[in-house]
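Colleague: Can you read through this structure? Questions will come right after.
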Amino acid sequence: MKTFSKLALGTLLSALVVTSCQNDPEEVSDSDGVIESIVEPTSTQGKIIPGQYIVVFKDSEIQPASKVLAKTSFTSREAKAKSVRGISEASINKMNTILSDNGLDQSKILDYYTTKISGMAIKLGDDELQKLSKDPNVAAIEYDRVVQLPEFTVEEILSKNNAKMAQQTPCGISRAGGSTDGSQNDKWIWVIDSGIDLDHPDLNVVTNSTYARSFVGGSPNDCNGHGTHVAGTAGAINNGVGVVGVSAGAAVVPVRVFGCSGSSSTSTILAGINHVGRYDIAGDVANLSLGGFFGSGCSSNSSYRNALLSLGNSGTLVAIAAGNSSANAASYQPACVNGTNIYTVASMTCGRSFSSFSNFNMNPIDVIATGSSVTSTYLNGGYATLSGTSMASPHVAGIMHARGSGPRTSGTVRSRGEDYPIAVR
């Protein structure tokens, strides 16, 4: 929830300056200068996708739907989507005109972003990149990069056949303040991840294809297991078998941005966030147990950062995993993103000690929850015990769904001279 100060952009991101602010709505940055080179991270780590870029346009030229509708309150997802659709069509026409003015072919466009940021994923040659980077409508251009799910440890898997055990309340749920009924709540938990096991008997999955989407081909059904595990921690049903989630029976929506191997890209994840921004309403929750790479940091014009800030500013509560590299979370995106309604989550053990794998630094981390040895739902109607900050984050997502607001805290976990507040319902 802390906020970052603006960062000077040159040919490289040269520094990360952090301020400790209160929960005032954060302004999404909009550079007025002509872009002379693409935005790069300060590290050579992270796999660049050759010739593939994310272009973000200035809000002053093309306003994203979230800004146009900032003063409009929606209770109907369909009504919001209808309003967004008209704005998006106009935005896409403007983007296409800008490309045409620069002699660029629309066939190079991979995706448009119109809800939380105004931009596109596009393939460009070197000359085309230089031409577009000097267009006065452009706020920033970034390399598109490969993103991998954070490494997580699988400790035990119970198949559907041997998983019909008496229901247990995992220790992480108890540490989060216990389970409560979330089945009557009309707000949703959007799981931006590897999908969800669509017919898992212990999950209340939104399967309507308008909302449940895959951006990596195929269906939103999970073939990795990560997203299903996340969904169960947040909202597994209180039905007497398996496990129970923090907000039991909460509606969980699969937004599949990772393939079976756990691979994705920045542009694909942005497409998932853009999709959520079309249908979410205030009080919804989005969980991002996503990977990053060291050195990515948080540029003031980062597409990731701006999209997430807009998601939080519009009233959606966002939980983000801190990462599993035992490193400074400020060097990883999206963990470094802080703003209104955004909570970065570190991991602790059931014994309330800091998990050895968890990224650290109270700037940007907001709270800590159980991420070591977490039992939850898994593939094919089964269950598994996994470890990672990916497992900590959905505890906070469930807490926020149950509360309709950010988490309370009770107690702390001390590590490296810092006290991490424990998130509770």
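Note: Cβ is positioned from N, Cα and C throughout, glycine not excepted.
Feature annotation from TrEMBL assigns signal peptide to 1-23. As annotated by TrEMBL, domain 'Inhibitor I9' applies to 52-149. The annotation domain 'Peptidase S8/S53' is assigned in TrEMBL to 190-399. Per TrEMBL, the feature active site, charge relay system maps to Asp193, His226, Ser390. What TrEMBL lists as region 'Disordered' is 402-425.
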Colleague: When you scan the chain for residues with a C-beta under 8 Å from the region 'Disordered' (402-425), skipping those not six or more beyond its ends, what do you find?
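Modeller: Distal contacts: 1, 175-178, 180, 182, 185, 187, 246-247, 250, 283, 317, 341, 343, 345-346, 348, 352-354, 360-362, 365-369, 395-396.
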Colleague: Can you see whether DSSP assigns Asp193 (active site, charge relay system) to helix, strand or coil?
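Modeller: SS state of Asp193 (active site, charge relay system) = strand.
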Colleague: Looking at the domain 'Peptidase S8/S53' (190-399) alone, can you tell me the average pLDDT?
Modeller: 96
Colleague: Using C-alpha atoms only, work out the spacing between His226 (active site, charge relay system) and Asp193 (active site, charge relay system) and round it to an integer in Å.
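Modeller: Distance (Cα to Cα, whole Å): 7 Å.
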Colleague: Looking only at Cβ atoms, how many others are within 10 Å of the one on Asp193 (active site, charge relay system)?
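Modeller: Around Asp193 (active site, charge relay system), other Cβ atoms within 10 Å: 31.
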Colleague: List nothing but the one residue from His226, Ser390 whose Cβ has the fewest other Cβ atoms within 10 Å; the candidates are the active-site residues.
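Modeller: Comparing Cβ neighbours within 10 Å for the active-site residues His226, Ser390, His226 has the fewest.
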